[in-house]
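Enquirer: Pasting in a structure now, in structure tokens, and then I'll have a few things to ask.
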Amino acid sequence: MATVVPPENATIIRPAAFYISGLSNMPHTKYYYMFLCFVYAVSVLGNSCIIGTIYLARTLHTAKYIAVFNLALSDLCGSSALIPKYADMFLLENQYISYKDCLTSMFFIFLFITILQSFTLLALCFDRVIAICFPLRYHAIVTKTTMTLIIGILWVISVTINCVTLALIDRLSFCRSTTVDSYFCDHGPVIKLACNDNNPNYMMADTCIILVLCIPLVLIALSYVCIGFALLKISHGADRIKAMKTCTSHLILVAMFYLPVFSVYMLTLTTTVHINTRIFNSVLTQAIPPMLNPIIYSLKTEEVLQSIKVLYKRIKVNFPKENPVKIWLTNINRQSVPCFSYSLMSVYEIRTFICLAGIYLNKHILKKFLYTV
């Protein structure tokens, strides 16, 4: 049932809810949604590991890793804004979303998955340009204060762009269909449903593409041209290769983010794409990079990998080799506690048990990961 906004905005009609169409007439879609749940679990584990490592390892308390921390946070929050709701909608066939929840979901998905990702990659590019083109002045220019200021400004710009976009949507009237031909409250499919003037929304969408995607990508490309010229000036081949290796992680992240996004946009603009194809490509474009980013940074960046190993050794020294859960239960038995007391454990004892179990499991998972590396 639609809500009519009173007197001064009487022409604006807002629906109570939107219906998210998702994939239509496709067999075995539940396996696809389950695969996305797996992608989300890996994203949460990987990005939490990167965030925790940067927080705990003092060697990573540098300007560069403020930007890496922000990237991991964006990946974590973006995946959490998109995939759990997406899985809930289509696995449980709960495809209606209220008007306010729709705009809220749109705000966080575009903020973390698109805008902040793009701007953070630009901030990391700034770090690489100064490190290679002006190595002697790097520590004077790229300080923790400078990087924090840059990231803070990028957050303000990102939130401002998003707020203006949503404010323009809020003035639209939805008096016809409320079916969104997408997998979430996507900006384009939502504004298409409006029955009043939506030209300002299309203009804002084009402006966002230029500000958020085109300008950062052009700046990154120009930065790597400068880096290329700086590398050519290095006389020793070994030093040149060493400098190039510091850029590989960033280049892979840039390619993984921008190539799929621009491919989807170009495909949509140049040809008539079936809705299922568009949804399938868009979901993978938004879900896969947050999963791969922490893996690339942990495997391709020696500093991060070394810090993970140091933290693991610290955990190994600080905690006993024997299963701490068994030790805890043995101590309980030594106190001659009756059997029925296990079902009546205090809140403190239950909390202690859960903490010890978590530490034990995390230690063994990390151990297997490091041995595979």
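Just so you know, the numbers here start at 1 and follow the chain as drawn.
Placement of Cβ uses the backbone N, Cα and C atoms for every residue, glycine included.
Unlike curated records, TrEMBL annotations are generated automatically.
These came from TrEMBL, pasted as-is:
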TRANSMEM  31-56  transmembrane segment
DOMAIN    46-297  domain 'G-protein coupled receptors family 1 profile'
TRANSMEM  63-83  transmembrane segment
TRANSMEM  103-126  transmembrane segment
TRANSMEM  147-169  transmembrane segment
TRANSMEM  209-232  transmembrane segment
TRANSMEM  252-275  transmembrane segment
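Tell me what's around each of these sites.
Expert: Sequence-distant contacts of the transmembrane segment (31-56) (same chain, six or more residues past either end, CB-CB distance under 8 Å): 23, 65, 68-69, 72-73, 75-76, 79-80, 83-84, 86-87, 90-91, 283, 287-288, 290-291, 293-295, 297-298, 304, 307-308, 311.
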Enquirer: Could you name the stretch, out of 63-83, 103-126, 147-169, 252-275, with the greatest number of CB pairs under 8 A to the transmembrane segment (209-232)?
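Expert: It is 103-126, which has the most Cβ pairs under 8 Å.
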Enquirer: Hey, which bits of the same chain come close to the transmembrane segment (103-126), Cβ under 8 Å, at least six residues off its ends?
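Expert: Same-chain contacts beyond the ends: 64, 67-68, 70-71, 74-75, 77-79, 81-82, 85, 97, 142, 147, 150-151, 154-155, 157-159, 161-162, 165-166, 169-170, 184-187, 190, 208, 212-213, 216-217, 219-220, 223-224, 250, 253-254, 257-258, 261, 286, 289-290.
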